[in-house]
Amino acid sequence: MNILIGLLPMIGWGVFPILTGKFGGKPVNQIIGATYGTLLSAIVVAVAMQTPLLTGKNFLFTFLSGACWSIAQSLVFYAFAEMGVSKTMPVSTGFQLIGTSLWGVIVLGEWPTATAKMIGFFSIVLIIIGVYLTTYSEKKVSESESSVVKGISLVLVATIGYVGYSAFPQAVSVDSFQAFLPQALGMAVASTVFAFITKSNREAKPYKSKSTYLNIISGIFFAFAALTYLISSRKDVNGLATGFTLSQMNVIIGTLGGIYILHEGKTHKEMIMVVSGLILVVAAGIITAFI
């Protein structure tokens, strides 16, 4: 049952980037719509479950968790623009798996035995190889290579925020349903600041754009993933390292959705490399889930 709970975020997070790609808009439109959709969902859950509001340190840490995600996801939206969803998703997943697994092992003491660590780090090597395969391109054009480098750099920086998103809730003892609203509030506040912090974002007038409001729908799918992930990553369910790894199987939906639904074309050889890379990333995720 715990494994099934751990796989639920895969659905929401897999569909999420496909919807943002379909609804379009600039990164500022996408992040505002997504976070506001998440906040609306969190309010509904809080009212339905009659969850008490967190205060003090518990509120602060879950709020910061959401803010970290919002910053990270904004960078990933820029990466989508540079190299597409189908290339960004495996890279983002790989970096997040590595970062969050290392945090779980080093800080939280997960994978306690030498054998567990050996298997876990072998899985990380598989992820690195898998990510490399998914970024393969037959078109050796300097502009294309530059976009990939820029996209990977954005995702690498974003990984710090994603680790914060996963790690902050683990630092306090709060119920998953209680954590959801302040986390969503952190996301929405950070995205609102992002909307006004740069001249280009202000000139885009995101609150007058249709794509911003369409992306609220994508935020609802994200909210489903975020809530089920909070439950899965609890120590008494799957724990951080395993819970996060299971959730990142969304890479299958996101990557293939980018290719077939968003029509991000691949040659036959590139498709073989993408599928091979996905198999390695998924295999690594399955291995770590059973450590």
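Each Cβ is built from the backbone N, Cα and C atoms, and glycine gets one as well.
Some features that TrEMBL has for this protein:
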TRANSMEM  6-24  transmembrane segment
TRANSMEM  31-53  transmembrane segment
TRANSMEM  59-81  transmembrane segment
TRANSMEM  93-112  transmembrane segment
TRANSMEM  118-136  transmembrane segment
TRANSMEM  148-168  transmembrane segment
TRANSMEM  180-200  transmembrane segment
TRANSMEM  212-231  transmembrane segment
TRANSMEM  243-262  transmembrane segment
TRANSMEM  271-290  transmembrane segment
CB contact flag for the transmembrane segment (180-200) and the transmembrane segment (6-24), at least three pairs under 8 A: no
Within-chain partners of the transmembrane segment (31-53) [C-beta distance under 8 Å, separation at least 6 from its ends]: 16, 20, 23, 25, 59, 70, 73-74, 77, 175, 177-178, 180-185, 187-188, 190-192, 194-195, 206-207, 211-220, 222-224, 226-227
Same-chain residues near the transmembrane segment (6-24), Cβ under 8 Å, at least 6 residues beyond its ends: 30, 33-34, 77, 80, 85, 88-89, 211, 214-215, 217-218, 221-226, 228-229, 232, 237-238, 242-243, 246-254, 257-258, 261-262, 289
Long-range environment of the transmembrane segment (148-168) - Cβ separation under 8 angstroms, sequence gap at least 6: 61-62, 64-66, 68-73, 75-76, 78-79, 82-83, 87-88, 91-92, 95-96, 98-100, 103, 107, 135, 137, 233, 240, 244
Contact yes or no, the transmembrane segment (212-231) and the transmembrane segment (243-262), 3+ Cβ pairs under 8 Å, gap 6+: yes
Beyond the flanks of the transmembrane segment (271-290) by at least 6 residues, Cβ under 8 Å: 3, 6, 86, 90, 93-94, 97, 101, 119-120, 122-124, 126-127, 129-134, 136, 238, 241-242, 245-246, 248-249, 251-252, 255, 259
Contact set, same chain, for the transmembrane segment (243-262): CB under 8 Å, 6 or more residues outside the stretch: 3, 6-7, 9-18, 21-22, 84-87, 89-90, 93, 96-97, 100-101, 104, 134, 166, 225, 229, 232-234, 237, 271, 274, 278, 281-282, 284-285, 288-289
Cβ contacts under 8 Å made by the transmembrane segment (93-112) with residues that lie 6+ beyond its boundaries: 119-120, 123-124, 127-128, 130-131, 155-156, 158-160, 162-163, 166-167, 170, 239-242, 244-245, 248, 250-251, 281, 284-285, 288, 291
For the transmembrane segment (59-81), distant same-chain residues with Cβ under 8 A (at least six beyond the ends): 17, 20-21, 27-28, 30-31, 34-35, 53, 88, 91-92, 150-152, 154-155, 157-169, 171-172, 174, 179, 182-191, 194
